[in-house]
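The structure appears right after this line, and notes come after that.
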């Protein structure tokens with residue numbers, strides 16, 4: 001590159017001081033705007049989660065299990081008191097019912113009711129020889145199901161039960177000498193010729209009014225009301241638009257050319273992004289009453305932040321561009337401008353494509369069961385995607401990871417899309433508590449995928465998919481001891497990987513020697529930490545950092561660039577935004593009608609959160625670098641497109657929710 005005189009550089013600095021000063025001063029406004037948006041979204045999410053947890057922890061009105069104890073000498077039961085019933089939220093009144101001249105106990109039902117001897121069960125019976133978890137009764141797709149969870153001999157209307165079976169009112173569930181009768185009050189009331197109003201038991205106990213109050217509070221906060229009278233997150237939406245205006249102004253000031261054709265092209269990209277995001281926020285709720293505006297705004301804020309960061313990183317040689325312009329070197333100036341436009345166009349094209357696909361995927365997922373239907377296909381295609389990458393992939397960055405395939409002149413990273421198919425399979429298996437044989441099959445399938453990923457090599461994908469799998473497994477099955485065994489197995493696999501794969505040893509050595517020497521294995525972390533230190537709490541301003549000195553500044557180390565120019569506070573806000581997405585997944589899972597929806601949203605949000613934490617941990621030296629990228633913010637067309645598809649699926653699944661109706 002041409003070396004320019006100090007006089008020209010002085011002219012460049014003096015001539016562009018206004019842009020640098022504007023960027024430096026605007027950092028305070030950026031911090032206030034992003035902090036404002038983050039605070040309101042986090043507050044909104046926490047309030048909703050708290051309200052929904054209260055709602056879902058209450059018994060479901062109108063559905064009961066009637067217990068007609070038949071004490072058996074074999075069990076040593078002489079009276080009801082020896083059953084030692086301990087259901088959660090036991091109603092203070094209305095426990096005893098009369099039916100057909102016999103007295104019964106009305107046991108409450110929850111969306112998922114586990115029955116057994118363990119204190120962790122929803123209905124606990126202290127009966128000798130009963131399993132810790134004997135039977136599970138759950139709601140799925142508007143129907144009630146029952147199935148045994150262990151080796152207990154469970155009968156339904158006298159017939160042996162070996163798998164899930166739909167329940168209808170008056171069905172009798174027998175196990176361990178007990179007989180529980182499933183009762184649907186609505187069905188029984190209509191059968192008797194009356195109009196069903198509300199659960200008599202809940203009215204008697206006062207539980208119905210409390211439940212109704214919680215449901216009303218939660219519904220008011222979901223933003224499901226009319227679009228103009230909505231109590232949804234409108235303030236964060238206004239904050240997001242202020243961010244758009246300010247960031248576009250700074251981007252224009254930083255752009256080193258007045259060529260109208262180039263400026264108009266960049267402006268067109270930005271206007272398209274702003275129009276799409278605002279249009280979706282305002283119009284998608286019209287297609288589904290339960291459009292999750294909070295999650296959408298959280299993802300949109302991350303997308304906009306990433307867009308500005310990548311625009312700035314495309315100008316990584318800005319000083320050379322300005323110097324070439326001042327020196328009159330039109331050839332070098334044109335080459336550098338072409339490089340900037342090409343780099344930014346690749347990123348923004350993937351972003352716009354993902355935003356165009358978002359409403360299509362959202363409507364399909366929210367109004368159909370397309371994800372469930374493609375689960376068998378995903379089961380087969382996931383390892384094939386990794387295998388194709390292993391055989392045909394090439395390394396475009398010179399780092400030893402052949403993750404890119406060239407298709408028609410376009411480089412694609414199929415492993416990014418394989419994460420989506422993996423999550424679909426994960427949700428399909430754990431939509432209900434699977435039997436041990438099914439769990440072992442999934443473990444073998446997942447192990448095959450992890451082995452192929454390590455062969456690529458792609459350590460980062462394993463480090464995010466494995467904990468995501470464990471989180472979904474624990475939450476959806478409550479199999480804590482088996483999860484512990486899996487965790488130990490994962491630890492053993494990491495030891496084996498350390499012995500088998502040289503690149504794992506290289507990364508660990510670089511991390512361990514971080515504070516003793518600078519070597520090729522840790523120089524990224526060292527330079528990244530220096531950048532974070534230079535930025536401090538408030539940052540240096542957009543364009544005032546030194547990303548050129550950080551290897552992979554736009555990819556692996558983008559968080560360090562973010563902290564240097566935007567400040568450590570903005571880095572903290574980014575962490576909170578990913579946490580908000582995870583909190584929203586808890587809300588959707590708690591409010592979903594079926595286990596697949598809950599498992600899938602948990603999987604997506606957990607994957608995004610772990611991926612972000614892995615990148616941040618690697619950039620700050622807390623863990624070894626893995627090659628993972630910061631979702632929505634880091635460079636990579638395949639990554640951006642895959643994350644937007646995940647976002648569309650997440651929003652579509654959230655749109656499946658119904659207002660509280662006992663479902």
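Cβ atoms are placed via backbone N, Cα and C, with glycine included.
In TrEMBL, annotation is done automatically, which means it is predicted and not curated.
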Given ranges 542-565, 566-589, the stretch to which TrEMBL attaches the annotation transmembrane segment: 566-589
In TrEMBL, which of 327-347, 348-368 is tagged transmembrane segment? 348-368
When TrEMBL is consulted, the range among 517-539, 632-654 described as transmembrane segment turns out to be 632-654
In terms of Cβ proximity under 8 Å, which residues at least six beyond the ends of the transmembrane segment (566-589) contact it? 27, 30-31, 34-35, 38, 41-42, 45-46, 48-49, 52, 292, 294-295, 298-299, 301-302, 305, 309, 475, 532, 535-539, 542, 559, 597-599, 601-602, 604-606, 608-609, 612-613, 616, 630-631, 633, 650, 653-654, 657
Secondary structure composition of the domain 'FHA' (113-161) [DSSP: H/G/I, E/B, coil]: 0 helix, 24 strand, 25 coil
So, do the transmembrane segment (404-430) and the transmembrane segment (25-46) meet, by the test of 3 or more Cβ pairs under 8 Å (sequence gap 6 or more)? no
Below 8 Å between Cβ atoms, which of the listed ranges 25-46, 295-315, 374-392, 601-626 makes the most pairs with the transmembrane segment (632-654)? 295-315
